[in-house]
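These notes are about the structure you will find just below.
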Amino acid sequence: MEGLEQWKVLGEQWKKQAEKWSSQALERIQAEKWSSQALEYIHQVPPEQIYAAIAILIFTSFLLILVRLFKRPKANTILLSGLSGSGKTLLFYQLRDGSSHQGTVTSMEPNEGTFVLHSEKSKNGKVNPVHLVDVPGHSRLRAKLDDFLPQAAGIVFVVDALEFLPNCRAASEYLYDILTKASVVRKKIPVLILCNKTDKVTAHSKEFIRKQLEKEIDKLRASRSAISAADIANDFTLGVPGEPFSFHQCQNKVTVAEASGLTGDVSQVEQFIRDHVKS
């Protein structure tokens with residue numbers, strides 16, 4: 001009896017194995033049939049159509065690779081630049097949380113943060129955050145500006161409207177260096193000249209500041225020859241030869257506005273930010 005049972009078990013195993021081999025054989029036959037039909041179809045298609053299909057496939061693949069390589073995230077960085085003491089850091093805090101720091105706030109390291117502007121926090125719907133960077137104005141630290149230019153959507157150049165005349169030359173030199181930077185010109189990064197502290201009675205108007213900056217930059221342009229170290233480094237000069245310099249001659253858009261970081265009047269700089277960092 002035990003021998004009979006063993007033969008039954010072996011019989012079942014052989015049967016299953018035979019069914020498996022049969023199934024595999026049918027699959028191979030079916031695969032060969034499909035392969036044969038595919039080859040027959042290919043032979044019926046004109047070679048020109050095959051070559052065209054291959055070319056389209058290669059071109060599409062190449063295009064997708066290029067898009068992935070060169071596609072960059074949309075710039076959302078706004079840079080606050082200008083001389084030390086112009087009020088950049090106070091403006092940074094006003095834009096971020098609406099706070100007012102009394103007295104002079106000086107930064108030796110860049111203040112930066114990504115946030116929704118304080119005036120927009122109560123708005124309904126989606127509001128894109130802004131990456132705001134307050135670049136130190138000390139002459140030895142201004143090179144930090146270059147670290148953020150590749151992501152810049154705009155530059156806010158802050159001018160102290162109250163103490164403008166004593167600092168006019170230095171502010172003009174710094175602004176000249178920014179406007180002639182290759183990355184600023186090539187990317188046409190917009191620049192806002194923001195006249196800060198205009199809440200004070202003795203502050204100069206934005207029109208006066210604009211004209212004085214244009215005059216000083218015109219002098220700088222004349223004094224810096226095409227082979228000067230500054231122009232070799234930047235590769236760009238300002239204005240139109242033979243004409244007095246004005247900001248509308250710049251390849252990137254340059255505008256002038258007013259603000260008061262101390263009183264919280266920052267609506268014009270907020271508008272500049274929203275013009276270039278869309279909600």
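Using N, Cα and C of the backbone, Cβ positions are placed for all residues, glycine too.
Among the features that TrEMBL reports, GTP binding site is placed at G82, L83, S84, G85, S86, G87, K88, T89, G137, N196, K197, T198, D199.
Around the Cβ of T89 (Mg(2+) binding site), the number of neighbouring Cβ atoms within 10 Å comes to 22. Annotated Mg(2+) binding site per TrEMBL: T89, in sequence order.
According to TrEMBL, the feature transmembrane segment maps to 50-70.
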- Message: Name the residue among the binding-site residues S84, S86 whose Cβ has the smallest number of other Cβ atoms within 10 Å.
- Response: S84
- Message: Could you state, as a whole number of Å, the largest distance between Cα atoms of any two of G82, L83, S84, G85, S86, G87, K88, T89, G137, N196, K197, T198, D199, the listed GTP binders?
- Response: 22
- Note on the structure: Top of the binding-site residues G82, G137 by count of other CB atoms within 10 A is G82
- Message: By a 10 A CB contact count over all chains shown, which of the binding-site residues listed here is most packed: K88, K197?
- Response: K88
